[in-house]
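Below is one structure, written out as structure tokens; comments come after it.
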Amino acid sequence: MEDKNSVIVFKNVSFQYQSDASFTLKDVSFSIPKGQWTSIVGHNGSGKSTIAKLMIGIEKVKSGEIFYNNQTITDDNFEKLRKDIGIVFQNPDNQFVGSIVKYDVAFGLENHAVPHDEMHRRVGEALKQVDMLERADYEPNALSGGQKQRVAIASVLALNPSVIILDEATSMLDPDARQNLLDLVRKVKSEHNITIISITHDLSEAMEADHVIVMNKGTVYKEGTAIEIFDHAEELTTIGLDLPFPIKINQMLGYQTSFLTYEGLVDQL
């Protein structure tokens, strides 16, 4: 398969957790554009988190194919390809493995047998990028949820990935911490040309994305830019998704534009 503009491609992928269970994913096909931010959204049970598990190899497809940089992912090449993909999970406490911040960032580098001098350099650079260098010697219980997620992103950045997956990474944060983390992710994407994949039920997060895939009942319901997706805002509510606040207000006021950020809403008012 030749698709130079996509980093990950799902082709007719189906998956079930048990052989006698219903399919969680049903003949799913989509492409993740290189260097862009793709948001995969859906309600609980839509199949979006299963997609993340397949991307990082926690689960394997039952039928269909997954391509990474035009290579079919197989048992033989998976470990090599997997090193290019980092993931940040929902609960920051569950992914903190070091006794202090800098040891947590170093953990993945140790597993990859990175030399000590290079490890020290990478840890410092990664923490600096996420504005956590001054807290390098802090214990995890001294950090807020948002700061822990910054450390998780630093741990991923230290490994020089091409792709970062955010699996509901903002869902346990307060609104300010959530927005700060999303701003950081956009900065990281821009500075390093990293592909971002956010798995979320929150359509507000999808407004940050370049490309949006909406999942429903194990299938791709809609796909397009954020503007294209929110042009069908009412349809999104019928599959259990909650519209972002500015779009709700926009509808109440009877404005024509479906897609609207907080800044745009303020300007419009």
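Even glycines carry a Cβ here, placed using N, Cα and C.
Positions annotated as ATP binding site by Swiss-Prot, on the basis of sequence analysis: Gly42, His43, Asn44, Gly45, Ser46, Gly47, Lys48, Ser49. The domain 'ABC transporter' feature in Swiss-Prot is assigned to 8-242.
Where Swiss-Prot records a feature, it is marked here on the structure.
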residue : record           : contacts (Cβ under 8 Å, 6+ apart)
Gly42   : ATP binding site : Lys48, His201, Val214, Met215, Asn216, Tyr221, Ile239, Leu241
His43   : ATP binding site : His201, Asn216, Ile239, Gly240, Leu241
Asn44   : ATP binding site : His201
Gly45   : ATP binding site : Lys217
Ser46   : ATP binding site : Met215, Asn216, Lys217, Gly218, Ile239
Gly47   : ATP binding site : Thr24, Leu25, Val28, Met215, Lys217, Gly218, Thr219
Ser49   : ATP binding site : Asp167, Glu168, Ile199
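Those same-chain residues not listed among Gly42, His43, Asn44, Gly45, Ser46, Gly47, Lys48, Ser49 yet with C-beta within 8 angstroms of the centroid of the ATP site C-beta atoms are His201, Met215, Asn216. There are 25 other CB atoms within 10 A of the CB of Lys48 (ATP binding site), with all protein chains counted. A mean pLDDT of 92 is what the model gives for the domain 'ABC transporter' (8-242).
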